[in-house]
Amino acid sequence: MAAATAAAATVAGEGMEPRALQYEQTLMYGRYTQELGAFAKEEAARIRLGGPEPWKGSPSARATPELLEYGQSRCARCRICSVRCHKFLVSRVGEDWIFLVLLGLLMALVSWAMDYAIAVCLQAQQWMSRGLNTNILLQYLAWVTYPVVLITFSAGFTQILAPQAVGSGIPEMKTILRGVVLKEYLTLKTFVAKVIGLTCALGSGMPLGKEGPFVHIASMCAALLSKFLSLFGGIYENESRNTEMLAAACAVGVGCCFAAPIGGVLFSIEVTSTFFAVRNYWRGFFAATFSAFIFRVLAVWNRDEETITALFKTRFRLDFPFDLQELPAFAVIGIASGFGGALFVYLNRKIVQVMRKQKTINRFLMKKRLLFPALVTLLISTLTFPPGFGQFMAGQLSQKETLVTLFDNRTWVRQGLVEDLGAPSTSQAWSPPRANVFLTLVIFILMKFWMSALATTIPVPCGAFMPVFVIGAAFGRLVGESMAAWFPDGIHTDSSTYRIVPGGYAVVGAAALAGAVTHTVSTAVIVFELTGQIAHILPVMIAVILANAVAQSLQPSLYDSIIRIKKLPYLPELGWGRHQQYRVRVEDIMVRDVPHVALSCTFRDLRLALHRTKGRMLALVESPESMILLGSIERSQVVALLGAQLSPARRRQHMQKLRKAQMSPPSDQESPPSSETSIRFQVNTEDSGFPGAHGQTHKPLKPALKRGPSNATSLQEGTTGNMESAGIALRSLFCGSPPLESTTSELEKSESCDKRKLKRVRISLASDSDLEGKMSPEEILEWEEQQLDEPVNFSDCKIDPAPFQLVERTSLHKTHTIFSLLGVDHAYVTSIGRLIGIVTLKELRKAIEGSVTAQGVKVRPPLASFRDSATSSSDTETTEVHALWGPRSRHGLPREGTPSDSDDKCQ
């Protein structure tokens, strides 16, 4: 009986609208294995059957300040003061401004504290290395042990507390902003795991980044802040406002990371949104600017800076920063960076795929989860050991010190009439005794390239923006030093001579490679804000645009690649310059076998429709012959209809009618035994997978004011009925009446898979009539067969009268735009009101990937080659379809909504 109830709760939860994905921790990235799957159904069933969350109080339970005045405790007085202050601030300032100020302040404090802790960790490693320079073996052990311990701690701490904190965070935020709910992704424990894990990972000195994880951290901070402010009431009780605040939080994450508010807003829009609501523009700029300001003020307060300056300030020439003849060199940097960015994304994805295909190694490393990050860290630390191979790749420099030296405007080569100002101490790392600048830069680029691609697969909180940024700066510096060597006297223009500035080439290379990996143009703006100079705006823009053009034609962005690795729901971008996307139409890609129910169907038809599809929506048509689309109905509504029709309450009513018909007239005058006088206790020991899963079988789906008394009574009686009869009914409904032994074994097997088994004793009250008048299983099955043949009354169901619809000749390009703009996951295809197919996110994704490229060969749908674009529906077909609209008036369903209503419902 417990298994039958658990199975019913699972099936009843299949139609719940929130979409959640099951997270599975793998060796590297982790992935979401259930595509809107069983985990969401179980969670929906638990929430529906178990009631509201324990931390959420009812709105009516919130006390007003007037009522709080009666309390004499100190807590009551503090609550009154806080409520009054909140009302004053809201009336004078506004809720959005308060939220954005708090968000910017908190993120600036977190960013500064993390930078301070990371700097202390890196200084400790350098101090240990210098203190043991007399013994090369001890120095090596200290150099490799320190990062291995930090990375291992970061991986273990994250795995234990919140595995969702692993990785960048931008791919998941892109999915969340599209409407998908990721379980435990914006919680407090994930925030703690992300902050501590990222601090340890970056403090180890591995080639990892901070920008991507900080987007996730800012989003978690915004979600937690929204929950806190919702305790005071106001607009943050509305969950739809959280999406707007998450969009602003993504901008804050980049802004407080690099003190680049403008570039942070633009970068967050490019990497997380396909279509951006302009109403959120000012929120992102305000919060990012305030956060960047506080972040730099804290640096001045800590005496790290004398005043508010750029993070990597440069001193390039302003009167003549570059010559026109240098533009081809900048263009070469952009094209080469495009190929390099595509190669980096490909290499990163291949590392993950190869490790997953090696089943034996993968199985072994999954059992020893900390072994893989420890081995990768040991390998990278060994290669960067300064007295060893690290001397040929500036291994003793941190990422910040590396960028400072690469952006230096002085040349490192000593040939001809070059500017000899004396290299700074950190620049000496690029000129080892047994190598020159060019060899060191080449080795640095090649080694850091594959090291960064490998290090970003470690299951710790980390990003890839900063390592790619450093590699691009090194490549630009290599081109700049080469130009300075080829033109030692500079490029002659008229009577003036201007020497080459290699630091400018490094800035161009950093922006180009970072833009190629992320498929963004806003990296140019980030570079300008990082360096504090805009002198090289034209070379930077040329290189970034060329790099994006090359990279987008070869590989997806790094974040889209991770989305595919983690198997998150996504909608790929349409390739530009492809004419196939305009010739492919919806009728070529739609699924013609649409799960639907007719208005005049029986309950048997409903059960058959549930067995045929696992989707959360069913189309409601006028009749199987006309196929006129009347609306859509959720799967949960259909399950509720079937459950109410075959409920124990209806079966008891049927038994009472039979008993009254069999009784003689004198016996009819006798009063039936009162339920108050003959009550017995039934004690059932049950195994429940959900807390409170047996408290009630079905939660009414309509508000209490809209339900009739008979419906409410039947549902309430159904919850306290005999569980054995309910189990037989549910098995007959969802399992097609299988043998009792096989059903029992399957239910026991499903129970064994449940991780949260709770032993609970259920005490219910049952009358004598219920105990004495039981029906046999054969009688129950016969009665259920009769009930399944009755017609369905949809008047008590919630029906969407205006589901999103497309016509069969809608192009693939327009369909992609509609799905991206509205965030819908399915659309019905109609022809003059007649349902002919359905298009889901899965079919659209396959069509886009097939029409753009498939293994290097363009693929077109089969019907696209035989279509005549000039043809249209015949007059006979049009007349026949219009004739079907007449009988619709006899049905009492809500009329179809306007297209604007449909758009609003799909958002």
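Counting starts with 1 at the first residue shown.
Placement of Cβ uses the backbone N, Cα and C atoms for every residue, glycine included.
As annotated by Swiss-Prot, phosphothreonine applies to Thr26.
The region 'Modulates channel gating by both voltage and cell volume' annotation in Swiss-Prot covers 42-55 and is backed by experimental evidence.
According to Swiss-Prot, the transmembrane segment annotation covers 94-127 (among others), on the basis of similarity to another entry.
Positions annotated as transmembrane segment by Swiss-Prot: 136-161 (among others). Residues 25, 121, 124-125, 128-129, 189-190, 192-194, 196-198, 200-201, 203-206, 369-370, 373-374, 376-378, 380-382, 385-388, 458-461 of the same chain sit 6 or more residues outside the transmembrane segment (136-161) yet have a Cβ under 8 Å from a Cβ within it.
The annotation transmembrane segment is assigned in Swiss-Prot to 186-204 (among others). Beyond the ends of the transmembrane segment (186-204), by six or more residues, the same chain brings 110, 114, 117-118, 120-122, 146-148, 150-151, 153-155, 157-158, 161-162, 164-165, 169, 176, 210, 213, 216-217, 219-221, 223-224, 377, 458, 460-462 to within a C-beta distance below 8 angstroms of the stretch.
Tertiary neighbourhood of the transmembrane segment (211-229): same-chain residues 95, 98-99, 102-103, 106-107, 110-111, 165, 167-170, 172-173, 176, 186-188, 190-191, 194-195, 198, 236, 241-242, 245-246, 248-250, 252-254, 256-258, 268, 272, 461-466, selected by CB-CB distance under 8 Å and a gap of 6+ residues from either end. Feature annotation from Swiss-Prot assigns transmembrane segment to 211-229 (among others); the stated evidence is similarity to another entry.
For 281-301 (among others), the entry in Swiss-Prot reads transmembrane segment.
Sequence-remote contacts of a segment are chain residues at least 6 beyond its ends whose Cβ falls under 8 Å from one of its Cβ atoms, and for the transmembrane segment (327-355) they are 27-29, 361-362, 365, 449-450, 452-454, 456-457, 464, 468, 471-472, 475-476, 479, 483, 505, 508-509, 512-513, 515-517, 538-539, 542-551, 554-558, 561, 564-565. Per Swiss-Prot, transmembrane segment is recorded for 327-355 (among others), and the stated evidence type is similarity to another entry.
Positions annotated as transmembrane segment by Swiss-Prot, on the basis of similarity to another entry: 364-383 (among others).
Sequence annotations record features per position, and here Swiss-Prot assigns transmembrane segment to 435-455 (among others).
The feature transmembrane segment is assigned by Swiss-Prot to 463-486 (among others), with similarity to another entry given as support.
Annotated transmembrane segment per Swiss-Prot: 537-554 (among others), in sequence order, evidence recorded as similarity to another entry.
Swiss-Prot lists 590-648 with the feature domain 'CBS 1'.
The residues of the domain 'CBS 2' (799-859), classed with DSSP into helix (H, G, I), strand (E, B) and coil, number 23 helix, 21 strand, 17 coil. Per Swiss-Prot, domain 'CBS 2' is recorded for 799-859.
With a threshold of 8 Å between CB atoms, the same-chain residues lying at least 6 positions outside the transmembrane segment (537-554) that come near it are 322, 326-327, 330-331, 333-335, 337-339, 341-342, 345, 504, 507-509, 511-513, 515-517, 519-521, 523-524, 527-528, 575-576. In terms of DSSP helix, strand and coil, the domain 'CBS 1' (590-648) has 22 helix, 17 strand, 20 coil. Looking only at the domain 'CBS 1' (590-648), the predicted model's pLDDT averages out at 86. Outside the transmembrane segment (281-301), and at least 6 residues removed from its termini, the chain residues within Cβ reach (under 8 Å) are 96-97, 100-101, 103-105, 107-109, 111-112, 244-245, 247-252, 254-256, 259-262, 264-265, 268-269, 307-309.
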